[in-house]
Amino acid sequence: MNKNTWIIGFTLFAMFFGAGNLIFPPNLGLESGQYFWPSILAFALTGIGLPLLGVIVGALDKQGYIGSLNKISPKFSIIFLIIIYLTIGPLFAIPRTASTSFEMTVTPIANTNSNLALFIFTVIYFLIVLYLCINPSRMVDRIGSLLTPLLLITILAMIVKGFVDYGSNSHSQATDAFTSNFSGFSQGFTNGYLTMDAIAAIAFSMIVVNAVKATGVTHANKIFKQTLMAGIIAAVALMFIYISLGYIGNHMAVSQEKIASLTANDQNIGTYLLTTMASVGFGTFGKYLLGIIVALACLTTACGLVVAVSEYFHRIFPRISYKIYVIIFTLISFILANQGLNSVITMSVPVLSIVYPIAITSVLLILLARFVPTKPIAQQIPVAIVSIVSILSMIHTQGWIKLSFIDSLPLKSYSLEWFPIAIVTTIIGYIVAAMVKKQKPIVYEKE
């Protein structure tokens with residue numbers, strides 16, 4: 001591995017080391033109890049492995065996922081990318097940055113979680129976002145480049161102190177959702193959806209590919225290998241942090257009365273665990289410092305997402321100006337952020353339960369076609385069937401329409417019913433492709 005590989009690896013790490021995602025591992029650790037290891041490893045699979053795989057697969061075509069998804073279907077490519085940008089933008093990810101910032105700063109410092117306090121905070125937060133995005137400058141990037149190492153140092157200090165403070169404690173008791181190693185795995189797997197990093201990787205993979213090209217690597221195979229090695233570096237670093245935070249959360253003593261109180265006050269348990277770690281480890285100053293760093297890091301993330309989503313929509317629908325998109329997406333994010341962190345997370349679950357299976361299936365199909373060439377129909381069949389099953393399963397799970405056959409699907413009780421279907425339909429797709437003579441084989445464009 002050369003110097004550039006390490007640089008790109010830590011660039012990848014910085015992209016996925018989001019302040020907003022730090023709340024999930026401790027919460028999973030607390031809830032998983034004796035099933036911690038299968039839960040956290042499954043979380044790492046969807047929260048780290050899939051995002052990095054997504055970036056690596058994005059390097060297969062010179063146009064990134066725009067080119068790769070177009071091979072499946074141009075209409076599917078546009079619709080799916082729009083859904084992804086809305087998901088990682090104004091519908092869920094951007095509002096979550098604001099509500100997380102609120103619960104990491106105002107709630108522990110002012111000891112309030114009121115709707116009025118949240119409203120005032122989000123007004124100020126999104127006015128700053130609006131100003132910085134309408135008048136984009138390098139300032140946000142510079143602040144972000146300073147905050148990432150500062151946040152990393154703070155988290156590492158918390159981890160070391162957390163092991164000292166909680167490492168000798170017995171593990172927590174698993175909640176009702178965790179009844180076996182396999183249920184722990186499935187819970188961790190679907191909890192990893194909440195990071196939204198795998199679908200973000202589809203949107204931003206070209207940033208990494210261009211960073212690799214900037215080092216002088218231009219051959220397609222070398223770009224793929226360089227991105228793969230950089231991805232391994234980022235994965236190891238992220239796994240250490242997520243597993244460590246999860247392990248500490250797994251050994252924190254939180255009474256049922258406290259959990260009931262947090263739930264009654266609509267306060268997120270993950271943010272409570274993080275602020276408690278900081279407070280116990282470093283006192284009031286540590287709690288305040290962590291909150292401020294996380295809030296600023298979330299702010300820079302929000303700015304980056306608003307700019308990226310606005311630029312994307314302006315590119316595909318140019319009649320509306322970039323600034324109008326910024327205003328629209330900032331306003332939507334402001335409205336949704338005022339529902340509170342738990343509500344934002346809850347609202348995202350049905351959408352992510354549809355988007356993630358489609359995204360995972362698409363990424364794996366693109367990767368498979370790289371090594372086992374085929375025709376578009378081989379990808380179209382599994383993507384279409386997985387999309388239909390995921391939508392119907394979500395409708396059934398939410399109780400909107402009862403579809404009894406959904407419960408009989410393999411792995412439905414673990415929210416993985418789409419996976420065997422993806423495997424079977426991929427095999428069928430390849431068989432059909434071998435019989436179809438009119439379609440040309442998929443060829444990913446290289447430099």
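Even glycines carry a Cβ here, placed using N, Cα and C.
Look at Swiss-Prot and you will find 6-26, 40-60, 74-94, 116-136, 143-163, 192-212, 228-248, 289-309, 324-344, 349-369, 381-401, 416-436 tagged as transmembrane segment, backed by sequence analysis.
Away from its own ends, the transmembrane segment (381-401) comes close to residues 72-73, 76, 350, 353-354, 357-358, 361-362, 365, 407, 409, 412, 417-418, 421-422, 425-426, 428-429, 432 of its chain (Cβ-Cβ under 8 Å, at least six residues beyond either end). In this chain, the transmembrane segment (40-60) lies close to the transmembrane segment (228-248): three or more C-beta pairs between them fall below 8 angstroms, excluding pairs fewer than 6 positions apart. At the 8 Å Cβ cutoff, the transmembrane segment (289-309) and the transmembrane segment (74-94) share at least 3 close pairs (sequence separation 6 or more) and count as touching.
Using a cut-off of 8 Å between Cβ atoms, the transmembrane segment (116-136) and the transmembrane segment (416-436) share fewer than three residue pairs, counting only pairs 6 or more apart in sequence. Same-chain residues lying 6 or more positions outside the transmembrane segment (143-163) and placing a CB less than 8 Å from one of its CB atoms are 14, 17, 19, 22, 241, 244-245, 247-248, 274, 277-278, 280-282, 286, 289-290, 293-294, 296-297, 300-301, 304.
For the transmembrane segment (6-26), the neighbouring stretch richest in Cβ pairs under 8 Å, chosen from 74-94, 228-248, 416-436, is 228-248.
Ranking 192-212, 228-248, 416-436 by CB pairs under 8 A with the transmembrane segment (349-369) puts 192-212 at the top. The listed stretches are 74-94, 192-212, 416-436; of these, 74-94 has the most Cβ pairs under 8 Å to the transmembrane segment (324-344).
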